[in-house]
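> Sharing a structure with you now.
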Amino acid sequence: MKSLMRLGVVTSLLVASTIALAADEKQIKDAIEYRQAALHTMGWNFGPLGAMAKGDLEYDAQEAMMRAERVAMLAKLPWEGFIEGSLRDAGHGVDTDALAKIADNREDFDSLQRDMEEATSRLAEVAQQEDFPALRKQVAATGDTCKECHDEYRAEN
């Protein structure tokens with residue numbers, strides 16, 4: 001009888017740990033997909049600003065304001081998706097370019113995040129001024145903050 005009870009307890013623990021593991025794997029997958037979607041959407045909106053700054057797309061003040069406001073809002077979103085276990089080579093099986101060294105350098109990563117949020121906020125402010133030379137300068141500064149983080153914490157493709 002005791003053996004049967006022990007078997008029941010062990011089985012229950014195994015089932016519970018399997019459920020917890022599945023929940024963790026789903027949470028990790030969801031976190032990666034969330035941050036990738038936020039960053040992709042941010043890039044989608046930043047792209048036309050970069051094209052305007054380079055002269056590849058005609059400057060449109062209203063379009064620039066809309067895109068810059070979106071980028072500033074989106075810049076606040078992806079960071080909660082960088083959860084423990086969700087970085088590259090963590091064994092989760094989801095494709096991600098977020099390097100594992102983010103976990104070891106979290107203060108620096110968080111500092112770069114704040115820099116990017118400040119740059120995108122400034123981008124939205126500058127876009128409101130309808131001053132194209134100032135916008136070009138801020139687009140470059142904002143792009144530099146993205147590049148700084150990518151150079152350090154994103155895998156090369």
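The backbone N, Cα and C atoms fix where each Cβ goes, glycine too.
Feature list, courtesy of TrEMBL:
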- 1-22: signal peptide (SIGNAL)
- 102-129: coiled coil (COILED)
- C146, C149, H150: heme c binding site (BINDING)
> Mind checking which residues reach the coiled coil (102-129)? Cβ under 8 Å, same chain, six or more beyond either end.
49, 61, 64-65, 67-69, 71-72, 74-76, 79, 82, 84, 87, 135, 137-139, 141-142, 144-146, 148-149, 152-153
> Taking the Cβ of H150 (heme c binding site) as the centre, count every other Cβ atom within 10 Å, in any protein chain shown.
13
